[in-house]
Amino acid sequence: MKNILIIGASGHSKMIIDIIKKNDKYNIVGLIDSFKTIGQQVYGYEIIGNEKDIPNLTEKHNIIGAVIGIGDNWTRKQLKESIQIKNPNLFFPAIVHPSAILADDISIPNGTVIMPGAIINANSKIGEFCIINSNSSLGHDSKMDDFSSLASGVTIGGNVKIGFCTAISLGASVIQNINIGRHTLIGAGALVIKDIEDYKKALGVPINKIKNRSSNEKYLS
């Protein structure tokens, strides 16, 4: 098996570890986290360094790739770009849980993670470094741009467009033929029945409260 690193040591990383173990394709050498103690154990694996240690670790352990276990879209984007500058040959594999249901024409690009029970329907397009979380569903002919995410239990109708770095929160629903802009956050449990512009935070059932937000505004604790 090929050696890889997990970037991040949060709960999201634990889910990724579980998928990798089930697929039995990659060997996890250890975790990288700049905010936790080296040597700390996380879900059976050791934190072996921080971001600046990656070049030495990849050479020492013959590591070919890494999976970024960060749920926040903007943070995941920034981290990927920072790592790639110093490690241009590092590969970011797609990780797909064996229980996920994918239409025959679906391809999963680099860095994207598909969690247990996720459903991706026909003719949908998934960008790089996306997250489709547990028991979420992406309708036919829909599109997720790079670094966007669906939280657990999200339902997306057919022909929906989800913009770059946009997050659809826990249990939200989006009806068919909707466009959601870049860097937008749809709140937990929300119902989207009209288009939402870039850089917005939208809440309500149906959406009845829309505020401006910045690209780096945190939404995960």
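Just so you know, glycine gets a Cβ as well, placed from its N, Cα and C.
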Matching residue for the substrate site, where TrEMBL names S10, G11, H12 - out of G65, G71, G111: G71
S10, G11, H12, G71 excluded, remaining Cβ within 8 Å of their centroid (substrate): G8, S13, K14, M15, G69, I70, L220
Recorded positions: H12, H140 - member with fewest neighbouring CB atoms within 10 Å: H140
Integer Å distance between the CA atoms belonging to G11 (substrate binding site) and D141 (site 'Increases basicity of active site His'): 31
Local Cβ density at D141 (site 'Increases basicity of active site His') - other Cβ atoms counted within 10 Å: 17
Cβ neighbours of G71 (substrate binding site) where a neighbour is any other Cβ within 10 Å: 21
Residue pair H140 (active site, proton acceptor), G11 (substrate binding site) - Cα distance, angstrom, rounded: 30
